[in-house]
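Taken straight from Swiss-Prot:
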| type | residues | note |
| --- | --- | --- |
| COMPBIAS | 23-38 | compositional bias 'Low complexity' |
| COMPBIAS | 50-69 | compositional bias 'Basic and acidic residues' |
| REGION | 23-69 | region 'Disordered' |
| REPEAT | 187-221 | repeat 'PPR 1' |
| REPEAT | 222-256 | repeat 'PPR 2' |
| REPEAT | 257-291 | repeat 'PPR 3' |
| REPEAT | 397-431 | repeat 'PPR 7' |
| REPEAT | 432-466 | repeat 'PPR 8' |
| REPEAT | 502-535 | repeat 'PPR 10' |
| REPEAT | 634-668 | repeat 'PPR 13' |
| REPEAT | 669-699 | repeat 'PPR 14' |
| REPEAT | 703-737 | repeat 'PPR 15' |
| REPEAT | 773-807 | repeat 'PPR 17' |
| REPEAT | 808-842 | repeat 'PPR 18' |
| REPEAT | 983-1017 | repeat 'PPR 23' |
Amino acid sequence: MKSDFLTSTTHFNPSIFLPKIPSRNSRISIKSSSSSSKVRPDPWSLSDGNPEKPKPRYERPKHPLSDDDARRIIKKKAQYLSTLRRNQGSQAMTPKWIKRTPEQMVQYLEDDRNGQMYGKHVVAAIKTVRGLSQRRQGSDDMRFVMSSFVAKLSFRDMCVVLKEQRGWRQVRDFFSWMKLQLSYRPSVVVYTIVLRLYGQVGKIKMAEETFLEMLEVGCEPDAVACGTMLCTYARWGRHSAMLTFYKAVQERRILLSTSVYNFMLSSLQKKSFHGKVIDLWLEMVEEGVPPNEFTYTLVVSSYAKQGFKEEALKAFGEMKSLGFVPEEVTYSSVISLSVKAGDWEKAIGLYEDMRSQGIVPSNYTCATMLSLYYKTENYPKALSLFADMERNKIPADEVIRGLIIRIYGKLGLFHDAQSMFEETERLNLLADEKTYLAMSQVHLNSGNVVKALDVIEMMKTRDIPLSRFAYIVMLQCYAKIQNVDCAEEAFRALSKTGLPDASSCNDMLNLYTRLNLGEKAKGFIKQIMVDQVHFDIELYKTAMRVYCKEGMVAEAQDLIVKMGREARVKDNRFVQTLAESMHIVNKHDKHEAVLNVSQLDVMALGLMLNLRLKEGNLNETKAILNLMFKTDLGSSAVNRVISSFVREGDVSKAEMIADIIIRLGLRMEEETIATLIAVYGRQHKLKEAKRLYLAAGESKTPGKSVIRSMIDAYVRCGWLEDAYGLFMESAEKGCDPGAVTISILVNALTNRGKHREAEHISRTCLEKNIELDTVGYNTLIKAMLEAGKLQCASEIYERMHTSGVPCSIQTYNTMISVYGRGLQLDKAIEIFSNARRSGLYLDEKIYTNMIMHYGKGGKMSEALSLFSEMQKKGIKPGTPSYNMMVKICATSRLHHEVDELLQAMERNGRCTDLSTYLTLIQVYAESSQFAEAEKTITLVKEKGIPLSHSHFSSLLSALVKAGMMEEAERTYCKMSEAGISPDSACKRTILKGYMTCGDAEKGILFYEKMIRSSVEDDRFVSSVVEDLYKAVGKEQDV
């Protein structure tokens, strides 16, 4: 209101004595005039002069305060109360210290206010009227209750009493009594008070009647009264009445305040009447009412909700230009609007501006920005924003978590996506189908179709209804694992939700094509055409591929016509190429028409060639090929068509096209020739491969790819000499066939025992500085190791090291074997140390290799230590490793360690098989540990392991060599006792032993006793026996 009186008054509250606020600096030291001692009185109170309550006595009495000190204390208390009142806001309960004229002071004393805001009679009247609210309605008459206040209350006092009421009935009754008083005079002020109180409790009908009464008594409503009425309508959602009343106010040219407009705008926006908010805002601007921060917040939000981007940004800019700092919700509105409008740079700029203001974004704003970063594939920014959310403790809802799962999936962080999904489930935030499907798609993209289907199954068990999109994802899963039945079931379920989309139809058609289900594919195309599914270009391509593969010329022609009529695809290169190449021979000037096509589609040409080849129409095929070679794309298009046939496994068509091209005298590209040669090599068609190779060499020198494929074909067909010759020839010409081809060739030569040729290739690679990769160097080193060329292997390794090619674990393992075989144990140890420092995972193979060379070098402590280290690192030795350890320990006469190793094998589930004990017997025999060898044979027999000639032959041979013929004879007899018939080798060995020892007679006796009856025409045994008889001068008895 404009009244000075009402603006100078505040709400009535009971008198409350506030406690003093303690302060460290609140105590004031007052010096006495006669002493330097300090006292600390209460600075906020003065003596009331009451002799019955004297001040406390002190040791040293205080002198009376001077006038200056009294004024200073009064001012201090005034400042304190002023500060307290400001801190309490509009509900301040402390009296206001004001300056009064002498006349006002006289009136103040007459009112007997005693420091209160109103006089005692006014306070009493307020309490009396308020007290009526506790009585039953109609039980008391206001005239009777207020009879004691007649002629005591001025008009202003009555307004104060009216203003301080809380119940609408008391307001109504008191206002009626007030109008009967002599001091009453009709005023817009008093009517405004009544309107405000009625409006607060929703008595709109009574407010309207009061407003009409105000007009009838001749009071012209001002801006405050009209604003009060408008706020009442707005508060209680009477928008139609509010806008009607607002039009009436405009007609009276009453200028409303900003707060009234804000009230109306806020009320309209709460009910989502954003169009009316905008209209009211424009009228507000037209009236020249200055908006404040809250006004702009409402208007920007309504513009954003209506999708008016330019207007919202303009209002937002005006808001900032006036010095207002937008709230987070305002920034969020314009950011979201910019993202929806596709103005991504503006959205990012607004977000960065908001962050520069120190405003922490809400999770809705973060979700909007994450969606933007996801659309623009700016995944690092998205993850950075998510990290900021965690740092600022902004709660991530399910929408945000779903976006992060998708982003993790796009980045290949499948484990992180799974962790986020599980965390969302743990927090009980997992409820939306989109989150489940996001996780399912991540699993699908990672190739884990089973997990993708598990997520969808989880949705079903939790009674989450499957949407159309869920069936699409299910179809993609089943199509990927080629489960036709389930895919068809998912497609039928999708069809029940509406017309299937082109992408899903394409998935089904591709599934039928991959599984060569031609009849199903044709039936499916027919059905979706009947259902009038909207084809996209990809679905058209797949359908055309089916028709061409099945040789359905008529259907293909109809499909081309259909594509040519559709505005969405008729300008596509694929469609244009098909249309132009359908009937080349029968069309006049077809060559010119095709040349007018800016670019031919390779896939379309391949389909047409496929169709004509399937049809057997060679004339059309030749015409298409001739035409393609005359276009701007030249041979590259044809070569890509041939390559596509090879990739799809349709080699016969590729061969046919290649034959036609050669007969027509046209030239294929090297990559295509190399591809076909490789195919011929895999099929062992060396004659055809050589024909293509020679055709390629007629025009120019074959390139690397052709030579590489030809060498590979030679190797596959077993023509290693030709492969070797081609490599050496190409190397002389400076052509490098590549590391892979060299590896294949050297490996093949090594396996066939052609070590000289392998060495020549290795030397050539070093001399010509041919670039090799890790696998290539490994192959050469291994080949030289097997050829026994240890120095060459060492040179290759040094070249590999100086060239900066990284070593693999195979490199280190092979070099340990090279230096170990060359008795260079120190270098082998150095290589093993390099392998440790490389950071590569050391496997059982390299440990076993190093342990073996330690054993051969006599360093058993190092071998045992390394074997223990291998086990500590979690590598469980296999049977070969244990056999090797048993062998080197037995050789070094470490019998205790051998027993422990055998026991460890049994504990770790490594079976001590025939080879284990055979190795042990051979080692014992070779190292002249005959007793241990015999014990081992006995142990094998006790374990029930079947014995063989091999177990005895090595021991028998060692005993014979040592001249221990009696032990040898005993071993021979044990063999017979074990049920093993000695073979010719054992017989020869023991008989030669008798001859060597010069004891021919014993040899003859042993022969006649043990062997003679079992010799079956063995000429080698017979020869030894003949020598025995000659030695004693006897003739052999026949």
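Note that Cβ sites are derived from N, Cα and C of the backbone, with glycine treated the same way.
Counting only same-chain residues 6+ beyond the ends of the repeat 'PPR 14' (669-699), those with a CB under 8 A from a CB of the stretch are 635-636, 638-639, 642-643, 646, 651, 654-655, 658, 662, 705-706, 708-710, 712-717, 719. The DSSP breakdown of the repeat 'PPR 10' (502-535), given as helix, strand and coil counts, is 26 helix, 0 strand, 8 coil.
Within its own chain, the repeat 'PPR 17' (773-807) has Cβ neighbours under 8 Å at 739-740, 742-743, 746-747, 749-750, 755-756, 758-759, 761-763, 765-766, 814-815, 817-819, 821-822, 834-835, 838, counting only residues six or more beyond its boundaries.
Long-range Cβ contacts of the repeat 'PPR 8' (432-466) within its own chain (Cβ-Cβ under 8 Å, at least 6 residues beyond either end) map to 398-399, 401-402, 405-406, 408-409, 412, 414, 417-418, 421, 424, 473-474, 476-477, 480-481, 493.
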